[in-house]
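I have placed the structure first, in the form of structure tokens, so that the comments after it can refer back to it.
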Amino acid sequence: MARAKFERKKPHVNIGTIGHVDHGKTTLTAAISATLAAANDTKAKKFDEIDAAPEEKARGITINTAHVEYETQNRHYAHVDCPGHADYVKNMITGAAQMDGAILVVSAADGPMPQTREHILLAKQVGVPNVVVFLNKQDQVDDEELLELVELEVRELLIQYDFPGDDIPFVAGSALLALEKVTENNSIQRGENEWVDKIHSLMDAVDEYIPTPVRDVEKTFLMAVEDVFSITGRGTVATGRIERGIIKVGDTIEIVGLRETTTTTITGLEMFQKTLDEGMAGDNIGILLRGVQKKDIERGMVLAQPGTITPHTQFEAEVYILTKEEGGRHTPFFSGYRPQFYVRTTDVTGTITQFTADDGSAAEMVMPGDRIKMSAELINPIAIEQGMRFAIREGGRTVGAGVVSKILE
């Protein structure tokens with residue numbers, strides 16, 4: 001079956017939901033999708049389609065990042081629903097890294113919770129530039145002053161992590177009540193229900209406050225591989241989000257990292273199940289590669305314009321080590337510490353060979369909550385550049401976050 005063409009009419013923005021588990025991130029994602037589908041007369045993604053991760057549903061946890069698309073009058077959005085559970089911070093790092101802006105969901109009934117703080121911190125570290133706040137479950141709060149108190153607390157928390165807490169738009173509402181209304185009447189328009197209107201107000205705030213990103217289209221092409229699969233009779237497809245540049249069918253690219261660098265040609269491009277002539281920075285895309293076996297390519301490699309990025313094992317970085325309260329280590333570490341470095345889409349084991357305090361003074365050990373400059377050496381070479389962000393993880397939890405300040409080897 002020939003695939004329909006993806007039409008590029010409006011500016012495209014990647015956003016996502018972040019916040020504490022059970023504060024209503026997935027319900028809000030479904031409510032936005034349904035509300036805008038009703039207004040634009042298109043088909044929405046249902047809650048259970050968004051939250052679909054069968055292997056983890058048994059434990060009542062959302063894992064996997066679900067991608068939903070929807071449109072406002074002004075823009076086309078790709079929305080990532082980030083997992084809200086601390087065990088899956090790893091996925092949040094891949095998910096949140098794909099956001100031009102985020103909707104922070106906070107239950108008005110509970111106020112900010114530990115993961116609210118953790119997600120704000122992560123958003124800062126993975127470089128999510130802008131945040132809009134949705135105070136959910138407003139129907140459960142009778143006291144207007146309580147709502148104002150929660151807003152104040154969240155604003156202070158945002159300021160603490162260097163977001164402009166005083167300027168960030170806040171919208172209160174109920175994702176569940178809005179979703180129920182749209183489910184009853186799937187052609188409901190703005191002005192017909194107060195809860196549905198609050199979702200429209202939220203998207204007005206997102207439209208206005210989260211700037212259309214200046215895409216890195218002019219830069220050289222780079223995409224980190226998230227997943228790889230074979231299509232019988234057609235070859236191997238690598239999927240991921242184009243970090244920068246433009247890619248066209250017929251272009252030659254390099255596959256860099258983890259193994260010897262190899263070169264291949266692009267034979268096809270797809271997005272949202274539709275074929276494309278070219279993909280550009282910000283697109284979540286599937287790239288069909290000529291003459292590449294599924295076993296030759298894996299998550300964590302990057303596809304790049306030939307000669308523009310090289311694999312490295314040693315670098316210097318500015319790093320923040322999480323406190324115990326933020327879900328980090330409880331004890332200090334010393335040089336020779338061997339954690340995993342989570343870079344773009346993969347974990348690589350490495351050794352922290354030396355470090356100094358952030359002011360350059362000598363340090364014997366690193367305490368939770370410290371900011372340090374450090375040198376690291378990885379066991380496998382991966383595509384690294386100056387200014388690139390990464391997480392430091394051990395035993396499945398994030399213990400630090402950093403940015404590469406210099407490449408050594």
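Including glycine, each Cβ sits where the backbone N, Cα and C put it.
Keep in mind it's a predicted model, so treat the numbers as computed, not measured.
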If I go by Swiss-Prot, the feature region 'G1' sits on one of 19-26, 259-266. Which?
19-26
Between 81-84, 297-300, 337-340, which stretch does Swiss-Prot give the note region 'G3'?
81-84
Between 60-64, 125-129, 200-204, 235-239, which stretch does Swiss-Prot give the note region 'G2'?
60-64
Would you kindly give the Cα-Cα distance separating Thr26 (Mg(2+) binding site) and Gln138 (GTP binding site), rounded to the nearest Å?
16
Measuring Cα to Cα, tell me the gap between Thr26 (Mg(2+) binding site) and Gly19 (GTP binding site) in whole angstrom.
10
At 10 angstroms around each C-beta, which of the binding-site residues Gly19, Gln138 has the fewest other C-beta atoms nearby?
Gln138
Reported in the order helix, strand, coil, what are the DSSP residue counts of the region 'G1' (19-26)?
2 helix, 1 strand, 5 coil
Three-state composition of the region 'G4' (136-139), taking helix and strand from DSSP:
2 helix, 1 strand, 1 coil
